[in-house]
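Please read the structure below before turning to the comments.
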Amino acid sequence: MEAKASTMHSHCLEIAMEAHKVVTPPPMSTLQKLKIRLKETFFPDDPLRQFKGQPTKKKLILGAQYIFPILQWGPNYSLKLFKSDIVAGLTIASLAIPQGISYAKLANLPPIVGLYSSFVPPLVYAVLGSSRDLAVGPVSIASLILGSMLRQEVSPSNDPLLFLQLAFSSTFFAGLFQASLGLLRLGFIIDFLSKATLIGFMAGAAIIVSLQQLKSLLGITNFTKQMGLVPVLSSVFHNIKEWSWQTIVMGFCFLVLLLLARHVSMKRPKLFWVSAGAPLVSVIVSTLLVFASKANNHGISVIGKLQEGLNPPSWHMLHFHGSHLGLVMKTGLVTGILSLTEGIAVGRTFAALKDYQVDGNKEMIAIGLMNVVGSSTSCYVTTGAFSRSAVNHNAGAKTAASNIVMSVTVMVTLLLLMPLFQYTPNVVLGAIIVSAVVGLIDIPAAYQIWKVDKFDFIVLLCAFLGVIFISVQDGLAFAVGLSIFKILLQITRPKIVMLGNIPGTHIYRNLHHYKEAVRVPGFLILSIEAPINFANITYLNERILRWIEEFEAEEDSKKQSSLQFVILDMSAVSAIDTSGVSLFKDLRKAMEKKGVEASA
């Protein structure tokens, strides 16, 4: 019995140690290889697979549904779905109206433009968008960047018409860039905005946005046009004589009310309507207070009369030439990338919660065309906002029809209710903005990044401090540059670890990670854990030779057996180019001179 067991053990050991040769892959032409590489690069999701084996009529229907997602859910739309969508649509409209007016002022645009931007873009997205939960409209960060970048060359107070024209032109280029990314399948470009970069940038931008609202919250007239922390605080304290106690009291009361409503909704998600309706309630109550007490004659500034009617066409206001063309293209590029990143991230977040798929490239096209159409209908940059989409999700939205309901509600407001906003105080709009951007400061996420990756935390910190102390766009650019530098480091300085054997097994693991792993006498086993290419072969060559020298020196000092074999484990190497092949030829020659056998 013991002999049989010993025989079986010996047989199993032979099987375990059996060598398997690598089979040469089937031959392919250069054209076939190029086709496969391009397909995997630009079409990893294979969007055409649904058309395979389908009759012509079915292909036409699928094609129309792919381009216009509304044709997928529209034919099966029911009264039950409409009941859910109308509640969600009315709820987000109550949030979109005051936020639209507030964000337009943040972008140094007429307040009415914020409402225009909450009317046409949601209709376009409802037809082209694939997310059921995304609520479309102006957002704080894009508004801030649009206003700050354009204001560098054009004053919104001295030349408001030109500033408005440049805002619409920037929106056009933002939409063109977004749609182009989707059509050309280049969505991976926005992945260079890492999570750490976005968290730091959003937190810094939230503080800058909040500081900008001190003008409204304190009633200051002569406020700095700069965005940095130091200039803003300097302006605040140099203009103490302009502070209005009536404005401060009103602003403080409504800000506390809005933050309290937000806190209640966060603690009890079923009470989402509390934070959703708080901004509109604040606008109504403050407007009635100002109208009844004539507070506008006692130091509290108001919006003033707003234009009635639907969006006027603005295609004739777009600038495609002249001295400001570079400015609008740059502004469009920056705002386009940021709004696209936010919109897709929000859409995917809620799609994961409801277990459905959002096509990133289709979303880029939808958001891009939405902004192109918007630029011709007096709208500025719009996307899917997280706060508004969260309300839409919690309110029970079932389809993109909730955007249509919101749009119709805004349309009614534009046609009939504009005179009611004449006495709305600017201080309340400032309070609404502050309460909205507070949620962009994600301290737990920053702490988690600090625990996991210190370099990522440095990127986060650079984005945050850059936005606060330099400028919004420069802080973002610096953080993106650091992220790219990190990627280049990982490519040019690949990880190499020394492996040891776990006693009693044929398993080899990192000596630094596994305490029980031990070196094999006479063997240097190294694992390369990255693709090998022209960018890192010099480092790999120098590092491997150094490993060998250190190993030999250590073996000599311990008077153990000399190095006989160098084994390179390349199971984690996903690709190798011609320069990498040359590296191993050179290493083999170097090893032969040392009398060491090399194997990979």
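Glycine residues also receive a Cβ, built from the backbone N, Cα and C atoms like all the rest.
Per TrEMBL, transmembrane segment is recorded for 109-127 (among others).
Look at TrEMBL and you will find 162-184 (among others) tagged as transmembrane segment. Outside the transmembrane segment (162-184), and at least 6 residues removed from its termini, the chain residues within Cβ reach (under 8 Å) are 42, 107-110, 113, 146, 149-151, 154-156, 190, 314, 317-320, 324, 327-329, 331-333, 335-337, 339-340, 360-376, 378-381.
The transmembrane segment annotation in TrEMBL covers 196-214 (among others).
The transmembrane segment feature in TrEMBL is assigned to 243-260 (among others).
Annotated transmembrane segment per TrEMBL: 272-292 (among others), in sequence order. Within the chain, the transmembrane segment (272-292) has long-range Cβ neighbours (under 8 A, six or more residues past its boundaries) at 91-92, 94-95, 97-99, 250, 254, 257-258, 261-262, 264-266, 300, 302, 390-391, 394-395, 420-421, 423-425, 427-429, 431-432, 435-436.
Annotation comment: TrEMBL describes 399-421 (among others) as transmembrane segment.
Per TrEMBL, the feature transmembrane segment maps to 427-450 (among others). Within its own chain, the transmembrane segment (427-450) is flanked in space by residues 98-99, 101-103, 105-106, 111, 140-141, 195-196, 199-200, 202-203, 205-207, 209-210, 213, 215-217, 219, 247, 250-251, 254-255, 258-259, 262, 278-279, 282-283, 286, 300-301, 303, 386-387, 456-457, 460, which lie at least six positions past its ends and keep a Cβ under 8 Å from the stretch.
The transmembrane segment feature in TrEMBL is assigned to 457-485 (among others).
Sequence annotations record features per position, and here TrEMBL assigns domain 'STAS' to 513-600. Secondary structure of the domain 'STAS' (513-600) per DSSP, as helix, strand and coil residue counts: 39 helix, 17 strand, 32 coil.
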Of 196-214, 243-260, 399-421, whichever stretch has the most CB pairs under 8 A to the transmembrane segment (109-127): 399-421
For the transmembrane segment (243-260), sequence-distant contacts whose Cβ falls under 8 Å of one of its Cβ atoms, 6 or more beyond its ends: 216-220, 275, 278-279, 282, 286, 289, 295, 298-301, 425, 427-428, 430-432, 434-435, 438
